[in-house]
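Pulled from Swiss-Prot, these are the features on record:
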| type | residues | note |
| --- | --- | --- |
| SIGNAL | 1-19 | signal peptide |
| DISULFID | Cys188-Cys259 | disulfide bond |
| CARBOHYD | Asn249 | N-linked glycosylation site |
| DISULFID | Cys266-Cys284 | disulfide bond |
| BINDING | His309, His313, Asp324 | Zn(2+) binding site |
| ACT_SITE | Glu310 | active site |
Amino acid sequence: MRRVSGILAVAAFTISAFAGVIQPVAKDARDSAELDVKLTQVDGTVIKAVVTNNGDKDLNILNLNFFRDTAPVKKVSIYSQGVEVPFGGIRVRHKTSGLSSDVITYLAPGESFEDEFDVAITSDLSQGGPVVLQTQGYVPTTDTGGKTLSGVVRYKSNKLEIDVDGTTAAKSFAAMNQFVKIAKLSSCEGSQGDDTRRALRDCASLSTLAAAQAWAGGPKMLEYFKANDDATRKLVADRFTAVALESSNLTGGSTTYYCRDPYNICTNNIIAYTIPAENLISNCPIYYTEFDNVNRKCHGQDRVTTSLHEFTHASSVFSPGTKDIAYGYNACILLSTRDALNNADTFALFAQSINAGC
């Protein structure tokens with residue numbers, strides 16, 4: 001049963017930063033400088049990433065949902081016998097302006113930064129044996145002031161094969177499981193509860209409209225999903241329909257929705273987050289204080305499409321749940337049909353464009 005819930009922060013540890021969202025930019029991301037990511041094994045499942053600016057321009061790199069993020073976000077894909085190992089960490093959405101300086105790294109041409117992280121924390125590698133690590137995609141960049149997202153840059157890594165000790169890896173993953181099971185549940189109250197319920201009702205209505213738009217097909221499907229065939233339209237419409245059903249059910253359903261952060265994950269950059277393995281969604285304080293229920297500006301953020309974005313991550317709503325492959329309009333429209341169908345922000349932007357009349 002889904003509960004719309006809220007509680008003061010209770011946590012086993014504190015997390016500081018999460019996934020990025022990209023503002024529209026005038027320049028195509030394919031013209032941006034490329035980041036090279038070199039993956040090496042430090043010890044066991046601890047990996048070092050060296051990120052180098054191979055372009056000829058200065059870059060302000062957003063670290064949220066990327067290397068140097070201290071949160072249990074997805075940094076690499078892990079493959080065992082050719083099959084990707086499911087991600088067991090956290091997916092989040094954060095604001096696109098007013099970002100704090102501690103989540104930005106400046107890289108001049110030729111400069112690098114490093115990050116070390118344990119891949120066993122966010123993926124169940126208890127079976128052990130050889131696995132292959134790799135990552136590629138688009139990372140947000142900020143303007144010269146470093147406060148507002150203004151572009152994207154492409155990154156790609158080498159393939160790294162490591163041999164995993166399953167017993168040791170299981171202990172790391174168990175720490176994440178403990179983290180997501182310690183909170184107490186309580187109901188949403190006061191203005192935050194009212195705001196959340198309003199957003200969920202409007203999310204249901206908007207998702208229904210988006211499903212109808214997808215079924216009808218046309219230029220918007222080509223713009224966001226790069227396809228207009230029957231099969232693609234059906235997949236898009238079916239996910240939107242599932243989100244509409246889930247968000248309209250405030251007393252049942254398959255997800256637990258918190259009005260307040262139960263795990264001390266939120267920061268002043270984070271709007272909301274999802275723990276897909278638990279089908280758990282939580283709003284953060286700025287969901288209420290910095291965003292309207294609906295934003296009529298094209299590609300803008302608001303409460304309704306933030307909730308929609310998070311619902312698409314939950315596999316209990318529609319399987320498989322979406323990933324965070326790209327954020328923001330200019331990054332999302334670069335995706336292939338396959339990636340767009342698995343990208344949360346593509347669905348959020350498609351739906352938001354209906355409200356905004358884009």
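Quick reminder: no glycine exception, Cβ is built from N, Cα and C everywhere.
Because the structure is a prediction, the values reported are computed rather than measured.
Where Swiss-Prot records a feature, it is marked here on the structure.
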{"residue": "Cys188", "record": "disulfide bond", "DSSP (3 states)": "coil"}
{"residue": "Asn249", "record": "N-linked glycosylation site", "DSSP (3 states)": "coil"}
{"residue": "Cys259", "record": "disulfide bond", "DSSP (3 states)": "coil"}
{"residue": "Cys266", "record": "disulfide bond", "DSSP (3 states)": "coil"}
{"residue": "Cys284", "record": "disulfide bond", "DSSP (3 states)": "coil"}
{"residue": "His309", "record": "Zn(2+) binding site", "DSSP (3 states)": "helix"}
{"residue": "Asp324", "record": "Zn(2+) binding site", "DSSP (3 states)": "coil"}
Looking at the recorded positions listed here (Cys266, Cys284, Glu310, Asp324), whose Cα lies nearest to that of Cys259 (disulfide bond)? Cys284
Expressed to the nearest Å, what is the distance separating Cys188 (disulfide bond) and Cys284 (disulfide bond) at their Cα atoms? 13
Between Cys266 (disulfide bond) and His309 (Zn(2+) binding site), what is the CA-CA distance rounded to a whole number of Å? 17
Between the Cα atoms of His309 (Zn(2+) binding site) and Cys284 (disulfide bond), find the distance and write it as a whole number of Å. 14
Quick one: Cα separation, Cys284 (disulfide bond) versus the residue listed as 'N-linked glycosylation site', in Å? 21
Neighbour count first, Cβ atoms within 10 Å, every protein chain included; then name which of Glu310, Asp324 tops the list of recorded positions. Glu310
Validating a neighbour-count step here. Other CB atoms within 10 A of the CB of His313 (Zn(2+) binding site): how many? 25
Between the residue listed as 'N-linked glycosylation site' and His313 (Zn(2+) binding site): CA-CA distance (Å): 17
